[in-house]
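Below is one structure, written out as structure tokens, with a few remarks after it.
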Amino acid sequence: MPEALVERAREALDNAYVPYSEYTVGAALRTADGEVYVGCNIENANYSNSLHAEEVAVAEAVKNGHTEFDRLVVTSGARDGVTPCGMCRQTLAEFCDEDLPVVCDLGGDDVAEYTLGELLPNTISLDTLEAAAAKRDADE
Ligand code: THU
Ligand code: ZN
């Protein structure tokens, strides 16, 4: 049996709004205190306004006061092990450590598991900007 978080991500597929790509994506994000927020992709006629499942899940969680996470599952209706796109990796990196497990659904009980750091090494972060600001202050 797949882990419960995989089931939650798969359930989220039911609400995907994908009239253009017909490619459903679901995400389930677990907070450090054990709550789960899910998201699905929501497409738009102008294409570029389409929301990705992972960013919808992050938005739901942050909107509800959560900024610490310990696990993410991503799935698609195709069960093809889809991974978060580059934009979603960066969105996740705002809140998650590089050791965040990112679990990608391959169907049945099969998953591919990565860390966020593997998917997005050397990312820009709040630390980057704070370090640059400190250097500017020191140089003044
Ligand atoms: N999609 C996501 O929801 N998450 C990703 O990170 C990859 C892409 C969606 C966007 C679009 O609705 C569909 O998958 C095809 O790109
Ligand atoms: Zn994305």
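Each residue, glycine too, has its Cβ placed from N, Cα and C.
Record features (TrEMBL):
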type	residues	note
DOMAIN	1-127	domain 'CMP/dCMP-type deaminase'
BINDING	Asn41, Ile42, Glu43, Asn44, Ala45, Asn46, Tyr47	substrate binding site
ACT_SITE	Glu54	active site, proton donor
BINDING	Cys85, Cys88	Zn(2+) binding site
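This view paints the features noted in TrEMBL onto the structure.
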residue : record                    : DSSP class
Asn41   : substrate binding site    : coil
Asn46   : substrate binding site    : coil
Glu54   : active site, proton donor : helix
Cys85   : Zn(2+) binding site       : coil
| said: For a Cβ distance below 6 Å to any atom of ligand 1, name the binding-site residues from Ile42, Glu43, Ala45, Cys85, Cys88 that qualify, or say none. | reply: Glu43, Cys85, Cys88
| note | binding-site residues considered: Ile42, Ala45, Cys85, Cys88; fewest surrounding Cβ atoms within 10 Å belongs to Ala45
| task | For the domain 'CMP/dCMP-type deaminase' (1-127), provide the mean pLDDT of the predicted model. | result | 98
| Among the binding-site residues listed here (Asn41, Ile42, Glu43, Asn44, Ala45), which has the Cα closest to the Cα of Cys85 (Zn(2+) binding site)? | Asn41
| message | Per DSSP, what is the helix/strand/coil residue tally across the domain 'CMP/dCMP-type deaminase' (1-127)? | response | 37 helix, 33 strand, 57 coil
| request: Could you measure between Asn46 (substrate binding site) and Cys88 (Zn(2+) binding site) for me? Cα positions, answer in whole angstrom. | output: 19
| Those recorded positions, out of Asn41, Ile42, Glu43, Asn44, Ala45, Glu54, that come within 10 angstroms of Cys88 (Zn(2+) binding site) at the Cα | Glu54
